[in-house]
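Asker: Here's a structure for you.
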């Protein structure tokens with residue numbers, strides 16, 4: 001006989017939803033009808049996660065907590081470059097987190113920001129620049145160790161994948177948007193490099209990206225990324241909007257997104273991991289996700305004490321800006 005708990009612990013969120021609908025509609029029939037319909041839709045359109053054994057091969061490839069170099073280790077080398085990938089491998093990282101974006105002519109490249117201003121000697125929006133134009137820029141220009149990394153170029157997705165595989169690094173693909181273009185580009189590299197199925201994971205803040213990736217290829221390991229209050233506040237905790245009403249609206253949206261991420265979207269997408277901002281992770285939090293068969297990966301863990309806590313106490317892998325020393329986080 002089917003049990004709620006066997007379906008990933010959905011009894012809690014659907015019971016809560018039913019109670020809310022009962023209070024709002026005052027109609028048991030309508031509340032039950034809506035809740036039941038939503039559940040059937042969820043079951044119909046959700047994806048099964050990849051087998052846990054293969055997911056663990058990606059998330060803990062050495063059968064222990066993994067340290068993942070954020071943007072290749074943005075404190076130790078220019079972020080999202082081949083030099084950063086090589087440096088991360090040299091410094092003992094188990095893997096690298098890399099940001100996927102696109103040029104004006106549709107070439108998939110590594111870049112975190114929507115503009116090239118912060119990391120290069122150029123200016124302008126990435127979506128307005130062709131690959132030929134961005135290839136002339138120096139991605140090490142504004143890095144603190146710029147003199148140690150001459151002649152760096154903004155790499156293509158394919159170049160980065162080949163470099164990671166050459167160093168036996170697990171890849172965390174952080175997809176910023178462009179669900180259709182991103183999944184198409186990723187599918188091509190998975191087909192060219194089948195080894196990626198066992199040593200990479202596709203991650204995004206945007207559930208539609210992960211859902212589209214699972215639609216495109218259900219064998220790809222995936223993860224949702226989440227930071228509470230991300231819609232209403234910046235990474236350093238500042239409100240995004242000056243208008244009280246607009247800020248309040250986005251706070252409400254944050255509450256809805258947070259509930260959906262923790263109760264519905266992980267199941268809909270069939271993810272294997274949940275990448276959470278470190279300040280909101282506790283032993284109980286890790287335990288609750290583990291009960292659902294999902295691994296928690298923390299970001300961004302940048303001090304020796306924090307790393308020791310994750311390694312020895314929580315047993316959770318983490319993403320860090322530096323493999324060598326304490327540093328302030330990059331948002």
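Glycine residues also receive a Cβ, built from the backbone N, Cα and C atoms like all the rest.
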Asker: Quick check on the annotation: Swiss-Prot has 97, 99 binding Mg(2+), so which of 174, 184, 217, 236 does it put in that site too?
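Answerer: Swiss-Prot lists 97, 99 binding Mg(2+), and from 174, 184, 217, 236 it also lists 174.
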Asker: For residue 99 (Mg(2+) binding site), which DSSP three-state class applies?
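Answerer: For residue 99 (Mg(2+) binding site) - judged by DSSP and reduced to three states - the answer is strand.
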Asker: Between residue 198 (N-linked glycosylation site) and residue 174 (Mg(2+) binding site), what is the CA-CA distance rounded to a whole number of Å?
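Answerer: Distance between the two Cα atoms comes out at 17 Å.
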Asker: Which residue, out of the binding-site residues 97, 99, shows the minimum number of other Cβ atoms inside 10 Å of its Cβ in this structure?
Answerer: 99
Asker: Whole-number answer please: how many Å between the C-alpha atoms of residue 99 (Mg(2+) binding site) and residue 168 (N-linked glycosylation site)?
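Answerer: Given the Cα positions, residue 99 (Mg(2+) binding site) is 18 Å from residue 168 (N-linked glycosylation site).
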Asker: For the Mg(2+) site (97, 99, 174), what does the 8 A shell look like? I mean other same-chain residues with CB within 8 A of the CB centroid.
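Answerer: So the extra residues in range turn out to be 70, 71, 80, 98, 100, 112, 172, 173, 203.
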